[in-house]
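Read through the structure below, which is laid out as structure tokens, and then see the notes.
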């Protein structure tokens, strides 16, 4: 099946040059059909996208029946299918993974605006036809929208949804209706009444235009970088990854940014969100995933206390979360847990809480409400007072507004702005809730990355022997010092992260830890 190309299915599915992706797309179609059969005909999603990658890349990922990421045991099956050396081996694997059933497999398809996406989607359909699968093609759609639709279909009892699939208008109506119910009094004199959003010239442009039209009476959303026809513009000098990495606005906004106006950038498939602004002195301020997480959980904490509900509420972070954000959460009395890097780890840990919040610093994240929390909000076990009833209603609205399947830049945008208005925070007030510790991230080339083994959510090394003790001794010399070393998952490098009370100290600590690694 494959020639001189090795595929590996990870958190983002398969991702590589679009010209090398055919075998991965075909085998993913087979895997999606097999997974649907294993789940007795539940609907599975297949999304063709490479998110924030350059336009010449593409990818394919499978969305499981709960609307979340593919079950881990199926990641290996996808990898085996994509790397099958012959048709005979491919057919053998299909027989191995096949669950005998009379249920027809069901799949829904979506793709981003890359020029290679429609061609790859057609190949996917050929495969699904060969697997005798029923499928619905949603065309150009954001990754979080497809996750949301899979979850809705499999939770629904509506026959039309199961047979024809819900119209995408369900997504827009659900989000904007919930947004309008969140503290309507704030809409009379909102602190944030306008936001400018950089769409990365990606597939999120049209959905955001639709949302902007539906919420225009309470929020003005101005869109920039919306050209999806000129494919070379995708993620080029724009988008959440560019802004986060460069610590500067998209190139199209250079010199045009107005002081204290709130701006946001999404990525190419609209699952990441970053905010930013410039102050009166034209200094750039980034409001990343840590800042989004702390704002959301801070307000949800207020609502939980007002509601009288005994909900557990917590935030999930990785080692890359800025230490100042962790300290801020601890000062609020909010439980914070750490996991290894990767959305699948964060998502799993967030599900342990009644209300679990997770955001990577890159702006990918969401808020998960447990089934128990949703049941208690719908049917309180006590007679709530007017104040409690209002808080319960607000929490219900957030559980609907925020995508429960996966991180969603569009729903996160609306949720964050509603929180800023509820707290009466403008961009500056939000930024000043805590000051990020200066930090530096570096890469060190090594001959064998596998010897670097970590524990404590990748924050401490257990191998090579004695290296962690040397790092500890260095860190102890710096005020608010912290550093960790983590092996890359894809290349022979280790990543070194360091933070301290000043930029000079953070840079110096990072350099000294890099020297230890060498």
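Quick reminder: no glycine exception, Cβ is built from N, Cα and C everywhere.
When Swiss-Prot records 267, 269, 271 as binding Mg(2+), the matching candidate from 51, 483, 488 it lists for that site is 51. Checking 43, 49, 318 against Swiss-Prot, you find phosphothreonine recorded for 49.
Distances between the Cα of residue 269 (Mg(2+) binding site) and those of the recorded positions 49, 360, 362, 487, 495 are shortest for 49. Apart from the site residues 51, 267, 269, 271, the chain places the Cβ of 49, 52, 142, 143, 202, 240, 266, 268, 270, 272, 364, 409 no farther than 8 Å from the centroid of the site's Cβ atoms, the recorded Mg(2+) location. Within 10 Å of the C-beta of residue 489 (substrate binding site) there are 11 other C-beta atoms, taking all protein chains into account. Per-site Cβ counts within 10 Å over the recorded positions 49, 51, 362 peak at 49. Residue 271 (Mg(2+) binding site) carries neither a helix nor a strand DSSP state and counts as coil.
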